[in-house]
Structure formats: structure tokens, C-alpha cells
Amino acid sequence: MTFKRIADAGDLTGKTALVRVDFNVPMDKGLVTDDTRLRSAVETVQTLRTHGAKVVLLAHFGRPKGQRVAEMSLAPIAGAFSKVLGSNVSFVADCRGDHVKAAIADLAPAGVILLENTRFLPGEEKGDMELAKEMAALGDIYVNDAFSAAHRRHVSTAVLAEIMPAYAGAAMERELDALDKALGNPEKPVLAVVGGAKVSSKIDLLKNLVTQVDMLAIGGGMANTFLAARGHSVGKSLCEHDLADTAREIETIAKANGCEILLPVDLVVAKEFAANAANRTCGLDDVADDEMILDAGPQTVAALGAAMDTAKTLVWNGPLGAFEMTPFDTATVAAAQSAARLAKAGKLVAVAGGGDTVAALNHAGVADDFTFVSTAGGAFLEWMEGKPLPGVDALKG
């Protein structure tokens, strides 16, 4: 994937960079409770400052729907980012207008300013060109460092890149490079692991993956739908029986594309959905009517480990069982540890993403050993679905 990077911008002395960052961070009583996304923006901001630019940060928080909502102001985040950056970050309670221009004009070279929540502006989420032109007048170049919002064609995520000299920030670079290694130009064979509760939420993803990868392992609640479609009883498990035809269609597409689908071969079942519930391991045709499938069994874990041993690239989205409850986290933890061990040894490019996936890898204690873990959520899923990402497409050069 070809895109321009900050290094391509040359000397930025006397220039102003508009930088789209992801500051949609968890807050509690006005305090940032997880500064991961703030820390991810530091490299880009410092690089621009080193190049002599003034840095104007654009970000959103929550879903104010074009209205000013006091609780969604970015004012507290300016202070939090100041601490992370180790330098003063001033704040202006707007994204447009003469007072914003004046504040930027007064900013010293290498100074940093955070503008108010872009989603307070009605035209932001509509991709309004007039608003884009007004905001573009605030700077000389545009830098996108927010892959997590790249699936939106908003003014601050895509339209500015269409009308200004546009570059990828450091965090965006890392994300795009990792995703290119995972599906864009991967080393084969490629194994995808997809888990989670419902097939219905990942139909497009599954249909795309079976045309892209060599092996697709399906786990979690969605595996129950595939097992039922094959004629196995799943008891009172979470199962979308109405999507049996869809599951069979996905298997047909996979077969036509030479993709091997790996489903559980043994199961961990219980009669209640609760931590430490009495459970047993059984075969595919041994699930009682009053039992539910809550995890994959040891034979399945071994088979998945063997698939990882043969793979060169792994793309992972979604847990393999009810990982939030012991002991039904066993398969997810074991598989994550196998992938991490191979990645750490340089034998596997392991890329993972999605909220539950990140939580599961952290739970297993292996997130840092994966080649790359994306926190992008929706953008990561749409990339896995093969959909265009406006924020990325606008950066291609």
C-alpha cells in the first residue's frame, strides 16, 4: 500500500499541521482512565514539532450528533495529553471561526493546540465540503493518525485529506503496515481465527476471508451455527438456526476458493451460563438438550495449534468461547499463547484486532507478544470485510 508519510513533507518550519488523532478515550468523572490512545499520538506530534510545525489536533469524543454536549468536551483531554506529551497543550472550544485562527496564529513554532470535539459541528459526520474548506484554511498540511475512524467519511477523517496535502501519522503507518502484512501482501499459508457470539454480525467478514486465506478457524457462539448447519445438536447453546443456509453458503464459497474451514471437534458444555459452572468435555454428537456449549475442547485446541504451526500469517478476531468466565477461557487462552509463542520466535506474523479480541489477549497476558494488535474496532472489522476505508483511501498516493 502506497501512502505519503510525514518524512515526505520536508521542512515544516512556519507551517501548521492539522492532525486527526483518536482521543475517544474512556473517562470517569472528567478523568481519563486509560491513556493508551493518547500515548499512541505522541510520536506523530513530536515528529511534527521536530520538523518545526505548529500542531493543531482534531479529535472526536462520543456521539454528540452535531450538538454541543458539555460532558463530551475535549477540554479535560487537553490536560491529560499535556501530561502524556510532557509539554503544554492549549485548548480552544471550537473547530472553526476567527478566534480559532487567532489562537493558531498566536501559537509558537512547535506549539500544540487541541480543538473542540469535531462532532459538535453538524457538518462533520456528513462530510460537508464547505466545513472542510473552512477547516482546511486553518493549516498547511493534514496528517491522519486515527485508523480507528478511517472507516468514516467525515470531514476530519477523510475530506480534509482530499483537499489538502495529506500524510499518514506514525500510528496510522504502523496499522497500515501490519494490515498489509496480514491480508494485503501476506506470507502464506494464512490462517484466520474468527470467534464471537453471532454469525449475523460477521457474515461479510466470513465471506471475504474465505476468498483470502488458506484456513479459517471458527469458534465461539458462531461455531454453533455452523455445527448445527452440519446436522449436529447444540442443545440450548447460543445458535442462529435461521442462518444455517448462510453457514452452508460460506462453506461452499470456502471450498471453491481452496480455503479449509476448521470447526471445533470437541466441546466443553455446561447446564448454566456462569463462572465455574459444572462442566464436561464431549464429542460433537454428545450435547444434551439441557446443555450449552461454552468453549472448545482440548482436541480442538490441539488442532488449532497444529494449524498455527503450519501457518506463516495469522489474523485473529474474536474469542473462541465465553472467555470472560473461568474455566471457559481455556481454549482462547491456550490458542493465544500458542500464537504469541510462534510470533515471538519469528515463525508467525500474528495480527489481531477488535474489542473482545484485545481484551482476550490481555486476559491471556500475550498482547505484547503478537506482531500487532489493533484497537481500531469498527475500522479493523471493515478492513477484514474487504470494504474500502475512506480515511485510508484519501491518503493513497
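Placement of Cβ uses the backbone N, Cα and C atoms for every residue, glycine included.
Residues or ranges marked as substrate binding site by TrEMBL: D22, F23, N24, R37, H60, F61, G62, R63, R119, R152. Long-range Cβ contacts of R37 ((2R)-3-phosphoglycerate binding site) within its own chain (separation 6+, distance under 8 Å): V21, D22, F23, N24, V25, S148, T375.
The Cβ of R152 ((2R)-3-phosphoglycerate binding site) has 21 neighbouring Cβ atoms from other residues within 10 Å, across all protein chains displayed. The (2R)-3-phosphoglycerate binding site annotation in TrEMBL covers R37, R119, R152.
Taken residue by residue with DSSP, K202 (ATP binding site) is part of neither helix nor strand, so it is coil. Long-range Cβ contacts of K202 (ATP binding site) within its own chain (separation 6+, distance under 8 Å): V194, G196, M222, N317, G318, L381. Positions annotated as ATP binding site by TrEMBL: K202, E324, G354, G355, D356, T357.
Summary: among the binding-site residues (N24, T357), the fewest other C-beta atoms within 10 A of the C-beta are counted at N24.
Compared over the binding-site residues D22, E324, D356, the count of CB atoms lying within 10 A of a residue's CB peaks at D22.
The C-beta environment of G62 (substrate binding site), restricted to residues of the same chain at least 6 apart in sequence and closer than 8 Å, consists of N24, V69, E71, M72, N117, R119. Sequence-distant contacts of H60 (substrate binding site), defined as residues of its own chain at least six apart whose C-beta falls under 8 angstroms from its C-beta, comprise F23, N24, N117, T118, R119, E124, A149, S156. Every protein chain considered, the tally of other Cβ atoms within 10 Å of the Cβ of R119 (substrate binding site) stands at 24. Highest Cβ count within 10 Å among the binding-site residues G354, G355: G354.
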